[in-house]
Amino acid sequence: MSDRSPLHNARFAYIPKMPEILGSSLASIEAVPVSVVEPAHDKEALKKIFAHSYGKPAIRFSAGSNPSSNKTMTLGVLLSGGPAPGGHNVIAGLFDGLKKASPNSRLIGFKGGPGGLVDNKYQEIDAALVDSYRNTGGFDMIGSGRTKIESPEQFAKSLSVAREHSLDALVVVGGDDSNTNAALLAEYFASHGEAIAVVGVPKTIDGDLKNEWIEASFGFDTATKVYSELIGNICRDAPSGRKYWHFIRLMGRSASHIALECALQTRPNVALISEEIEARKTSLSAIVETIAASVAARAAGGENFGVVLIPEGLIEFVPEMKVLIANINELLARDAEAFKALPSLEAQVGFVAEQLPGESRALFLSLPADIRAQLCWDRDPHGNVQVSRIETEKLLVAMVKERLSAMAAQGTYKGKFDYQTHFMGYEGRCAFPTNFDADYCYSLGFTAFLLALNGLSGYIASIRGLAAPASEWVPGGIPLVSMMNIERRHGADKPVIRKALVELEGKAFKRFASQRDRWSKSSDYRLPGSIQYFGPPAVTDMPSILLQIEGK
């Protein structure tokens, strides 16, 4: 990459902070078993599937001794799933740890994710390559992909490629599905008598890969700060122009951690949390009523503007929408050929409406035409509705407009409602990582190396105490199997890592819930500004608000 920006060049010089123990000589870092960690659910079923991996202890790296500290190794690494800021620093930490043990060690990057492992597409990662990507965003050093290693042939090819390269370990950087794959690979290698360690690293901007041992997935901090800056700018624009309500959809299909963090960062007038919608069994009309009430209350004070935050996967959590989507999925799976044979989109939408049961039909017909079309046409390879592509913000705008018209006719609303819609997602996935993510990712990479050095297969790198300064962080690892349960996927029971959703009894949600009524009527916006890389630690190194609250 030529003609780099001044910031790009300056970031190369940043030296990530890491836990004090990781700065010690490798000979004095010991992998100490802490306690056996078992899954919360489906223990017997998981014990059968993971006969070689089940029942392992959590690990903490502490001062001690390590006789294998100067071992020469060959490691493989792959990036899986969507990019998240800091991925290159994971590779940098892994590389530096490997070379610290032995200059003759090798790091092989499998190109394009798990597919690169199966197809043996790779490149050797050397110092020059690593140095040209330190502290930068993106996954473009070796690329990423969404291939799932599922078939017997794919597992066999993965083992064959690992043997061909004489790998001592394979590091899988990814989210819940990718690390589920890592656990299955670890078990497969062990069941075939191979001492090739498979180590996971927790990645996802959605923030839904976390538990007692993994306090955050990397990339969440940077992505939410990118979104929060943009939302804050809109929060400043709204009272400047005083004429628009901004409906902002945010990434996060399964969990609303991004929406919750951005709400705490910016204090919008309305922020919807999918998990609460589901738990309270809140209807679509009740959601619309909540937004319309805020619009009306603010209009009564002369403020015909505001900001609404909407999680990407909201409609999957609304009870009647969940039923509607399930009915459409079933209908189009059953009558796929008849549906495809219809001559126009209008005819196809009409066909779906005719076939739906009563309540779902009424709901379907009440939706705006473009949303009806999206429900019929935006489908994944399995034939299911692609919820992330449904423009929920536009659906809510249309329904709020309709509700406000009814309120105006009743004399309960006097004001002007105009709007802008936004979607924030890809803007946050490849940003320069914050200092926090740069530090965290480098430390995760170094920790993954230590797990590999100690032959700890089927583990995911874990760093605890993230609300404290980096020097106080506690590195270690936990067995991937301990994070799993059995779920029904595509007609079969599968072991998967359970997604971590927003906890409605958690400190962060309670903080949000205690303030939102005031936000709905006021213009008490908070303006976080852009990510800062230079300056006092209070400005440059602060972790997410969720971590600050939950870490106390």
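Please read every residue number as a count from 1 along the shown chain.
Glycine is treated like the rest: Cβ placed from N, Cα and C.
TrEMBL: automatically predicted annotations, no manual curation.
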Further binder of substrate named by TrEMBL next to Thr204, Ile205, Asp206, Lys243, Tyr244, Met251, Gly252, Arg253, Tyr426, Glu427, Gly428, Arg429, taken from the candidates Glu312, Glu320, Glu359: Glu312
Protein Cβ atoms within 10 Å of Thr204 (substrate binding site), excluding its own: 28
DSSP three-state assignment (helix, strand or coil) for Asp176 (Mg(2+) binding site): helix
Between Gly82 (diphosphate binding site) and Glu427 (substrate binding site): CA-CA distance (Å): 12
Conformational class of Gly82 (diphosphate binding site) under the three-state DSSP mapping: coil
Annotated substrate contacts Thr204, Ile205, Asp206, Lys243, Tyr244, Met251, Gly252, Arg253, Glu312, Tyr426, Glu427, Gly428, Arg429, maximal Cα-Cα distance (Å, integer): 36
Using Cα positions only, nearest of the recorded positions to Tyr244 (substrate binding site) (Asp176, Asp177, Lys203): Lys203
